[in-house]
Amino acid sequence: MAKDESFAVTTGAMVDETAPDEKLKQLRDLKNHHHWDPNMPEDVIKELDEALHTSDKHTQEVIAQELLENSPYPEVRSAVSNIDEGGSVNTIRAWVIGLLFATIGSSLNMLFSMRQPYIIIPSYIAQVAAYPVGKAWEAWMPKYTFNFFGYKAELNPGAFTKKEHTITVIMANATYGGGAAYATDVLLAQRAFYGQNFGWGFEILMCISTQMLGFGMAGFFTRFLVQPSAMIWPSTLINTSLFTALHDRTKPDPKSVAGWRIGKYQMFLYAMIGSFCWYWFPGYIAPFLSVFAWVTWIRPQNVVINQLFGGVTGLSLIPMTFDWTQISGFNWSPLIAPWYAISNTMIGMFIWFWIVTPAIQYSNLFYAQHLPISDSNSYDNTGKVYQVAKILTPEFTFDNAKYSNYSPLFLSTTFMLAYGLSFASIIAVLVETGLFHGPDIWDRFRHVGKEEEDIHGRLMSRYATVPIWWYLGVLLAMTAMGFGVILGYPTHMSWWSFIIALLISAVWFVPIGIVKAATNVDIGLNTITEFIIGYMQPGKPMAMMLFKTYGYISMYQGIYFTMDLKLGHYMKTPPRVTFMAQMVACLWSSLVQIATMNWALGAIKDVCKQSQPNNFVCPNGRVFFNGSIIWGVI
């Protein structure tokens, strides 16, 4: 594509005498598809009703022009352009910068995932850092053209474009958008807590297959999770807004923005510099600002006060913090999610963790008073951390006689409730999807290839799509690799349970994807997969961890690939370029993360032990280990 090419879709139907009937049909479809959409503004619904019930053709055309030639969602309209701005995309510069930040981000996220608290470096960091690197490349790299078997590639194609920038961010999202690879939690549990090591070959094959299976699945569900305008994906709007802030240096018209004179780029710089300066206080100068549990300062030795108001192992009933990483480090930024999703989360937290949890704890239900109120460890009948080695055979399977001589398993109150609520949420998401999205999903199944497109879909129609057999090829190759992982090593996992794990991922992919796309809320399959494998193959912890990984992370990673596809959809990057960027970056980052994990296990003293002085206690691997005890061993 020419570097300065710009392309806009205009249907031309507004001047056609037959246009009103066609537009009315499109407006009627828009109303039907968004009838239960909580993200659709009430004034847009009223406009739709007005257009559908008025006989004024001019009014119908004006409303149709407004809603069909741009997104009906104000947040999408403000963050995403309704034209294709053109520009270079598949360049050497984009690939080098993208793989550079994929390498750095993957290795750092892997390392930090072994630390408590778990710090996630989001892809926004790569998005910000890639911009000055791209501009420096634009300014300093020579104008040189390579010739690869007749294909010419420029070392410096000119201005660093939004589309090149998008490719670098897509690579970052595909590699560490959700943090470290989930497979590494299994490997940490296996090596650090079970003392079992199958070698680098097993680790690499497992990491690649679990990451890439979701990639293969994502391609089959784009018509449900990418093409519909209702799938807004709030987190991708942060990326698109940041692209505009970095690349657009124009200043606003004070008359149209209430006197505001600062441009987006300037405002972003102020916010970034302010955040950088402030973090030195909670991060290093005054760490108590991170967990500002001031009530515990009054009576630091009082157990009840620490249980109710403590910020680390308590309920934090007055949750104060001056550290943004404490807010966004695990559940991501609350500024991204719609208000109703935040409200729903707060109501649930209030009921279950501020009312039900203290009631269970102080009534001593399930021996709760003998255990911490909020903790992710599992305990024996003496209140000590459960020693799983005492109930295992030399083959790492369950020994009932040893279990009878040792102890039952006990969990903290919040850990126990978290399991129960997780079961409830994964059933609720199926019910919600069937009730509110079922007709639309069924309609898209019946009309494959004939879906109504919004403005962004029409703009993307000029690019060659990715053939479905590309995704099928990836899916089949990774399935074969997965069989090699479970059958080529002593994992105790049967071939048929692997197939069931993949079916679970496929069944929940669209329902959980819809929730993520509409609310930015993640719902995991980790507990249901643990429950199922615990019944199918009891007493086999390694089989449980693998089943959980293939049954959950295949879907979870696929959701992040789908989110990238939506980002490419918004930014008008050619689908085949997006496909290659995701696949190459994911394969490379799997190698990087396995190498980083092995280095950390060998170089960091006392790693994964509770006494590790720098808090490299492997919290995620520990939770995985405890889950394997609960569901895989006992």
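Including glycine, each Cβ sits where the backbone N, Cα and C put it.
According to TrEMBL, the features are:
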- 92-112: transmembrane segment (TRANSMEM)
- 200-224: transmembrane segment (TRANSMEM)
- 268-297: transmembrane segment (TRANSMEM)
- 303-322: transmembrane segment (TRANSMEM)
- 334-355: transmembrane segment (TRANSMEM)
- 409-431: transmembrane segment (TRANSMEM)
- 468-489: transmembrane segment (TRANSMEM)
- 495-515: transmembrane segment (TRANSMEM)
- 542-559: transmembrane segment (TRANSMEM)
The transmembrane segment (495-515) touching the transmembrane segment (409-431) per 3+ Cβ pairs under 8 Å rule: yes
Cβ pairs under 8 Å between the transmembrane segment (200-224) and the transmembrane segment (334-355), at least three: no
Contacting positions for the transmembrane segment (92-112) when only residues 6+ beyond its ends and CB under 8 Å are counted: 118-121, 123, 125-126, 129-130, 133-134, 137-138, 141, 146, 153-157, 160, 163-165, 167-168, 170-172, 174-176, 179-181, 184, 581, 584-585, 588-589, 592-593, 595-597, 600
Distal contacts, the transmembrane segment (334-355) - CB-CB under 8 A, six or more residues away: 38-39, 234-235, 237-238, 315, 317, 327-328, 414, 417, 421, 518-521
Positions on the same chain near the transmembrane segment (542-559), where near means CB under 8 A and six or more residues out: 178, 182-183, 186, 189-190, 194, 196, 206, 209-211, 213-218, 221, 396, 482, 485-486, 490-494, 497-498, 500-502, 504-506, 508-509, 512-513, 516, 522, 524-526, 529-530, 532-534, 536, 624, 627-628, 631-633
